[in-house]
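What Swiss-Prot annotates here:
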BINDING   His63, His92  heme b binding site
DOMAIN    2-146  domain 'Globin'
MOD_RES   Val1  N-acetylvaline
MOD_RES   Thr12  phosphothreonine
MOD_RES   Ser44  phosphoserine
MOD_RES   Lys59  N6-acetyllysine
MOD_RES   Lys82  N6-acetyllysine
MOD_RES   Cys93  S-nitrosocysteine
MOD_RES   Lys144  N6-acetyllysine
Amino acid sequence: VHLSGEEKGLVTGMWGKVNVDEVGGEALGRLLVVYPWTQRFFDSFGDLSSASAIMGNAKVKAHGKKVANSITDGVKNLDNLKGTYAKLSELHCDKLHVDPENFRLLGNVLVCVLARNLGKEFTPQAQAAFQKVVLGVATALAHKYH
């Protein structure tokens, strides 16, 4: 993904302002609520029967934290997303058999969560830069599928 120096600065600056652990859990939870078919990949997470059950689920929050920490790795390696996510791409393709479209969906949900958490600081320029990043991450995670 190609980002200008200004875009990289926006992404790293905005990401540094959020509570990574919280936004990860919120983003994954919202994904599971808004796109309920994605729940099939999380059978071991227990009660996913309602929005409140999902958003309060400790396993959703814990996995969301892992996802967000992975995004932190990507933010630190914006020039090498493919390499950064190579092992995760292999895991999600070969072992977990996750539909790669779900990576794009989660990225879009994450952008919404960032907007909610950052408010006016999340400018249109920051949103556009983050959209590039989450698309780049989704593409890198889907790489093994091709």
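The backbone N, Cα and C atoms fix where each Cβ goes, and this holds for glycine too.
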Under 8 Å between C-beta atoms and at least six apart in sequence, can you list the same-chain neighbours of Ser44 (phosphoserine), or say none if there are none? Lys59
Long-range neighbours only, meaning 6 or more apart in sequence with Cβ under 8 Å: which ones does His63 (heme b binding site) have? Gly25, Leu28, Phe42, Phe45
Please work out the number of neighbouring Cβ atoms within 10 Å of the Cβ of the residue listed as 'S-nitrosocysteine', leaving out its own Cβ. 17
Thr12 (phosphothreonine) and Cys93 (S-nitrosocysteine), Cα-Cα, nearest whole angstrom: 28
I'd like the Cβ neighbour count for Val1 (N-acetylvaline), meaning other Cβ atoms within 10 Å of its Cβ, all protein chains included. 17
Among all the protein chains here, how many other CB atoms are within 10 A of the CB of Lys59 (N6-acetyllysine)? 15
CB neighbours of Lys82 (N6-acetyllysine) within 10 A? 15
Three-state composition of the domain 'Globin' (2-146), taking helix and strand from DSSP: 120 helix, 0 strand, 25 coil
